[in-house]
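Take a look at the structure set out below.
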Amino acid sequence: MMLSNIPVCNRRGIFVCDSVLGEEGQGFIDPRKYAIIGAKIVDWKDNMTNYAIILAAGKGTRMKSDLPKVLHKVAGISMLEHVFRSVSAISPEKIVTVVGHKADMVEAVLAKQTEFVTQSEQLGTGHAVMMAEPLLQDCSGQTLVIAGDTPLITGESLRDLVEFHVNHKNVATILTAETDNPFGYGRIVRNQHAEVTKIVEEKDASDFEKQIKEINTGTYIFDNERLFEALKNINTNNAQGEYYITDVISIFRQAGEKVGAYLLRDFDESLGVNDRVALAKAEEVMRERINRAHMVNGVSFVNPAATYIDIDVVIAPDVQIEANVTLKGKTSIGAESVLTNGSYIVDSEIGARVVVTNSMIEESYIAEAVTIGPYAHIRPGSQLAKDVHIGNFVEIKGSSIGENTKAGHLTYIGNAEVGRDVNFGAGTITVNYDGQKKYTTKIGNHVFVGSNSTLIAPLEIGDNGLTAAGSTITKDVPEDAVAIGRSRQENKEEYAKRLPHYPKKG
């Protein structure tokens, strides 16, 4: 491989070093795999010793909820999971999550993915980080400290923060942002040389300091050993009577050590969610990111602002999505499918060239070229094979439907195994529940079910069978048989003249 010295930028185009050894003619590396330290490309996993502490002990009083704050969801997963995914981008050797309020619930979300320590009393961010000392005190490297209620922070920004910290040989680096309305945030105080001297909280800030627009996002990276040494020297001499993690910045500066600040490009990433208003804002920003990513990848949206897609949804190119569509959970949508206004799909696999018209699909598998709706409901555990048609006001529950089968109108199919090329007439019902147990209806291939048929399970209809319209079927129907389960019609001549409805003469 030919090597040359070339200037290198990270993925966002930010210049990060003068030159680096790389392949001839290339000035870009994949920041998910590599970092640039000094003038060398290094592998995150092999050459960077990173740790992380996620602060997730708070109750979140302003959320007015029994649910711990970090477990409130944004785009389908909890805020804590968003933070964990972003933190994972720096390939930490160890992640420690600090829990407190309803610790069991919080731990269940990241079970076996991080180590946990408990902050029994919430005495501030500095105190929370102290709880991680037994697990990290003997480690050498850099430690990221981040709040679990910051779902919009990206892995890319955290990688940039780590690179900046290491390249500038800082003992601590603060992730900062600029805003025209800094009320409520800690301010970044710099000296005449633009060096960070301290972070001052809103309640402790002077009138002059309150005018500063550069704010602390609550995310930091520290030299791990120096972090825990400095934490031994912080106190509660502040308006809140708490141990602030920010106080270690002043300790480092007083010791003459280097403290830096890395400014976020996108202020939205700094959002900390403390109430339902901020939660809605986080949802809005995340939705815009998700929809934009899908559009870049070839998905068409009629109205992206009115389309709601969870973060783990997978959509193939050439899908068309109309307004007011919701896609949740682990849903996947195949190529060239069309989802019309009002469709709602949860944890389902949708094949290619499927058309869903204003319908709901839950925890089901839909093969290619299926048409559904309008106003159909595909309930959990259903499987629809290729070329199936499910029409208006049809409900399918826990059933498998064979290829080219059609249920066009006003039909309920529950706990059924249906073959291919079956036709359901309007008003058909599989009666699957006797008040205690649910029973299965089995329908073979090429069966014709007449309109307004009631099929009382357990029941089996053989291949090529037919049920007459209006029948109540209680017994198995053999292959090639016609089943009639209705009373015989009787016409009474002239009898209508004796009834009240009959028009009177004169």
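A Cβ is built for glycine as well, from the same backbone N, Cα and C atoms used for every other residue.
The region 'Pyrophosphorylase' annotation in TrEMBL covers 1-276. Feature annotation from TrEMBL assigns domain 'Nucleotidyl transferase' to 52-266. Summarising the annotation, TrEMBL assigns UDP-N-acetyl-alpha-D-glucosamine binding site to 55-58, LYS69, GLN119, 124-125, GLY186, GLU201, ASN216, ASN274, ARG379, LYS397, TYR412, ASN423. Annotated Mg(2+) binding site per TrEMBL: ASP149, ASN274, in sequence order. Per TrEMBL, region 'Linker' is recorded for 277-297. Summarising the annotation, TrEMBL assigns region 'N-acetyltransferase' to 298-506. What TrEMBL lists as active site, proton acceptor is HIS409. For ALA426, ASN432, TYR433, SER451, ALA469, ARG486, the entry in TrEMBL reads acetyl-CoA binding site. According to TrEMBL, the feature compositional bias 'Basic and acidic residues' maps to 487-497.
Ranking the recorded positions ASN274, HIS409, ALA469 by the distance of their Cα atoms from the Cα of GLY186 (UDP-N-acetyl-alpha-D-glucosamine binding site) places ASN274 first. For the domain 'Nucleotidyl transferase' (52-266), the model's pLDDT averages out at 95. The two recorded residues ASN274 (Mg(2+) binding site) and TYR412 (UDP-N-acetyl-alpha-D-glucosamine binding site) have their Cα atoms spaced 45 Å from each other.
Listed binding-site residues near the residue listed as 'active site, proton acceptor': ALA426 (candidates GLY124, ASN216, ALA426, ALA469; Cα-Cα distance within 10 Å). Packing around ASN274 (Mg(2+) binding site) is summarised by its Cβ count: 16 other Cβ atoms lie within 10 angstroms of its Cβ, all protein chains included.
Under the DSSP three-state reduction, ALA469 (acetyl-CoA binding site) is assigned to coil, being neither helix nor strand. DSSP assigns the residue listed as 'active site, proton acceptor' to a strand in the three-state reduction. Taking every pair among ALA426, ASN432, TYR433, SER451, ALA469, ARG486, the residues recorded as binding acetyl-CoA, the greatest CA to CA distance is 22 Å. In terms of DSSP helix, strand and coil, the region 'Linker' (277-297) has 20 helix, 0 strand, 1 coil. Per DSSP, the secondary structure of the compositional bias 'Basic and acidic residues' (487-497) breaks down as 3 helix, 0 strand, 8 coil. When the binding-site residues ASN216, SER451 are scored by other C-beta atoms within 10 Å, ASN216 scores highest.
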